Amino acid sequence: MSNFTHINASGEANMVDVSAKQETVREARAEAFVHMAPETLELIVSGSHHKGDVFATARIAGIQAAKKTWDLIPLCHPLLLSKVEVQLEAIEAENMVRIESVCKLAGKTGVEMEALTAASVAALTIYDMCKAVQKDMVIGQVRLLEKTGGKSGHFKADA
């Protein structure tokens with residue numbers, strides 16, 4: 001169990017001590033997808049959804065979620081994010097929305113969880129706003145795309 005940084009020798013979960021780490025610029029990108037019926041996607045794309053602009057609401061929800069990750073994930077550090085960006089793209093040929101988030105900071109710990117949380121909550125917001133017209137939407141393929149900075153260096157997911 002000692003390979004997990006959040007688990008001590010006794011098997012207890014603790015927040016990692018990052019006080020001795022170097023401050024570096026760190027960035028992470030994540031993605032999520034929401035699969036839906038063509039009619040649901042058309043409501044979003046055309047802007048005719050009765051609840052308003054689904055993409056704008058999901059974008060703001062994702063940004064807010066990134067800033068609150070430390071409140072949601074028990075062992076995450078509160079971070080002073082310098083950038084949070086959430087992009088949403090309708091992929092009509094596949095009846096889905098792709099969400100990509102980017103989080104950045106200069107700090108002692110990474111922003112992977114913030115990027116993943118932003119993408120996830122944006123996807124959940126799309127579901128919430130559209131569930132009245134379709135309940136069988138599928139949220140999936142949430143993953144880290146890339147991260148830079150820090151001791152572990154650069155990571156890029158396979159395409």
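Residue positions begin at 1 at the first shown residue.
Glycine too: its Cβ is placed from the backbone N, Cα and C atoms.
Source: prediction; values computed, not measured.
These come from Swiss-Prot:
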type	residues	note
BINDING	Leu75, Cys76, His77, Met113, Glu114	substrate binding site
ACT_SITE	Asp128	active site
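Swiss-Prot feature annotations superimposed on the structure.
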residue: Leu75; record: substrate binding site; contacts (Cβ under 8 Å, 6+ apart): His6, Ala13, Asn14, Met15, Val16
residue: Cys76; record: substrate binding site; contacts (Cβ under 8 Å, 6+ apart): Thr69, Trp70, Met113
residue: His77; record: substrate binding site; contacts (Cβ under 8 Å, 6+ apart): Met15, Val16, Val18, Trp70, Thr109
residue: Glu114; record: substrate binding site; contacts (Cβ under 8 Å, 6+ apart): Ala28, Ala66, Lys67, Thr69, Leu79, Leu81, Val84, Cys103
residue: Asp128; record: active site; contacts (Cβ under 8 Å, 6+ apart): none
Determine the C-alpha span of the substrate site listed in the record, that is the greatest distance between any two of Leu75, Cys76, His77, Met113, Glu114, in Å to the nearest whole number. 12
Cβ-based neighbourhood (8 Å from the centroid) of the substrate site, residues Leu75, Cys76, His77, Met113, Glu114 excluded: Thr69, Trp70, Ile73, Leu79, Thr109
Could you tally the C-beta atoms, other than its own, that fall within 10 angstroms of the C-beta of Met113 (substrate binding site)? 22
